[in-house]
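Record features, source TrEMBL:
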type	residues	note
BINDING	2, 33, 195	Mn(2+) 1 binding site
DOMAIN	18-197	domain 'Calcineurin-like phosphoesterase'
BINDING	33, 71, 114, 193	Mn(2+) 2 binding site
BINDING	71, 72, 122, 160, 164, 167, 193	substrate binding site
């Protein structure tokens, strides 16, 4: 989703679509990068406040509401601000998911992931990812004043855009995907991150495997959508055909 004050149109699109969708669901999963940046649970921007208000309504409704951290918002529910202040998950009535996470979808084991950890060919990114997720780095960062944290996020975002402009965006590594599914004892993976919406099918150790890649959201280009699951299988709300996959 990459929500933030920098793109109110996309935030509005996502809020409208989620508001219409969640009453029809028993479980809601958001698989990371909800926000363009997250510098602590005391983040001050208006879009973050609007998102948490919507999420809190979902959490209070009795639906099971799950949130996974992404590469842009890996500090979700990590604290920030006054220690007594409630964290993100408590404010939203959400359960935070590990990345990756094995769940049961109507009797079928499925691995949910954000997806960035599977882009193992991008050695530089994986090194940085490990550094900034270390507990010592996280604690030191959250202890910094808010203006410094926001400045760091702006700088990191600008650097990320320069890297993307200089080379073709990375994709998941097929071997890493196979290894993850084998370890989990599953043949179904659902993830985002790569902005390459599709449903991939292949044979893994003689068994049919599937990998759903969720779309990114952009109001100008009309991108975005949800993946629905029920006892009959999976269904998109139009984004798969729109992506040309």
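Even glycines carry a Cβ here, placed using N, Cα and C.
Annotated features taken from TrEMBL, shown on the structure.
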residue : record                 : Cβ contacts under 8 Å, 6 or more apart
2       : Mn(2+) 1 binding site  : 10, 33, 35, 36, 72, 216, 217
71      : Mn(2+) 2 binding site  : 32, 33, 114, 116, 129, 193
122     : substrate binding site : 170
160     : substrate binding site : none
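It is 195, among the binding-site residues 72, 114, 193, 195, whose Cβ has the fewest other Cβ atoms within 10 Å in the structure shown.
A coil conformation is recorded for residue 193 (Mn(2+) 2 binding site) in the three-state DSSP classification, outside any helix or strand. Cβ atoms within 8 Å of the centroid of the Cβ atoms of 2, 33, 195 (the Mn(2+) 1 site) belong to the same-chain residues 1, 70, 72, 192, 193, 216, 217, site residues excluded. Other residues of the chain with a Cβ within 8 Å of the Cβ centroid of 33, 71, 114, 193, the Mn(2+) 2 site, are 31, 32, 70, 72, 115, 116, 192. Note on residue 33 (Mn(2+) 1 binding site): other Cβ atoms within 10 Å of its Cβ, all shown chains, come to 26.
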